[in-house]
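Enquirer: First the structure, then my questions, so here it is.
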Amino acid sequence: MAMLRTDLEFSMLPQLGTRPVRWRFADGLVPYEEAVETMEREVALIADGGDELVWLVEHPPLYTAGTSANARDLVQPNRFPVFATGRGGEYTYHGPGQRVAYVMLDLKRRRQDVRAFVAALEDVVIRTLDMMNVRGERREDRVGVWVRRPEKPLLADGTMAEDKIAALGIRLRKWVTFHGLSLNVDPDLDHFGGIVPCGISAYGVTSLVDLGLPVMMADVDIRLRTAFEAVFGETTGEI
């Protein structure tokens, strides 16, 4: 596996007796307001002892602003709808061809460590990419998952170009996580041009198809579930 540290370091396996995580797909493109309402409802149920949930969706084109978003990074404010959200991070784009995984887990049943949870989400993406022979990497100073682009010109400081392939942004309530990750499968990468993604202008954005992999969303979903189970444990529900 590429860039994996010890399993113990990123393990977020549940306590004995914890029920499997529900794995659910949304039909069609989900409006962002509907997604937030669903997460709010599910988080309340989970905090009250309900089963945890991973909800896989695609959105219509939109931008979201995290709690650290700088208004200057919204380059084209009228291009798509913009939603303020309570997740961490800055501006990001969501749209068709991007797999968004809303991860709603009770860390009291696992490990009450926010940094470890974020690292575990990165690990899920890295494992997913590894199954498709793509080397994803994490950076200590940049949340998300990155791929090196040796075919591109070097950066101004002489280092190799890198593009972001997956973004992360989370929120917690009573130690229950929500929001989650977005993995670029085949979105319109031009749509990222309306923002400075995650407030980082020195690096670009890529997708699996942009890297030359003619994959379908269903192919990615299978690998994503396998990777998730390796890090977070058993799931149940739709195949």
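Even glycines carry a Cβ here, placed using N, Cα and C.
Feature list, courtesy of Swiss-Prot:
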DOMAIN    48-236  domain 'BPL/LPL catalytic'
BINDING   R87, G88, G89, E90, Y91, T92, Y93, H94, A167, L168, G169, G180, L181, S182  substrate binding site
SITE      K164  site 'Lowers pKa of active site Cys'
ACT_SITE  C198  active site, acyl-thioester intermediate
Enquirer: Can you figure out which of Y91, Y93, A167, L181 (the binding-site residues) comes closest in space to C198 (active site, acyl-thioester intermediate), comparing Cα atoms?
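Expert: In terms of Cα distance, C198 (active site, acyl-thioester intermediate) lies closest to Y91.
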Enquirer: Measuring Cα to Cα, how many Å separate G89 (substrate binding site) from K164 (site 'Lowers pKa of active site Cys')?
Expert: 14
Enquirer: About how far apart, in whole Å, are the alpha carbons (Cα) of Y93 (substrate binding site) and K164 (site 'Lowers pKa of active site Cys')?
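Expert: The separation of the Cα atoms works out to 12 Å.
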Enquirer: Residues with Cβ closer than 8 Å to the Cβ of R87 (substrate binding site), same chain and 6+ apart in sequence?
Expert: T64, G66, T67, G169, I170, R171, F178, H179
Enquirer: Could you measure between Y91 (substrate binding site) and K164 (site 'Lowers pKa of active site Cys') for me? Cα positions, answer in whole angstrom.
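Expert: K164 (site 'Lowers pKa of active site Cys') has its Cα 14 Å from the Cα of Y91 (substrate binding site).
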Enquirer: Could you measure the widest C-alpha to C-alpha distance across R87, G88, G89, E90, Y91, T92, Y93, H94, A167, L168, G169, G180, L181, S182, the residues recorded as binding substrate, and give it to a whole number of angstrom?
Expert: 15
Enquirer: Inside 10 Å of the Cβ of A167 (substrate binding site), count up the other Cβ atoms and send me the figure.
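Expert: Taking every protein chain into account, the count is 27.
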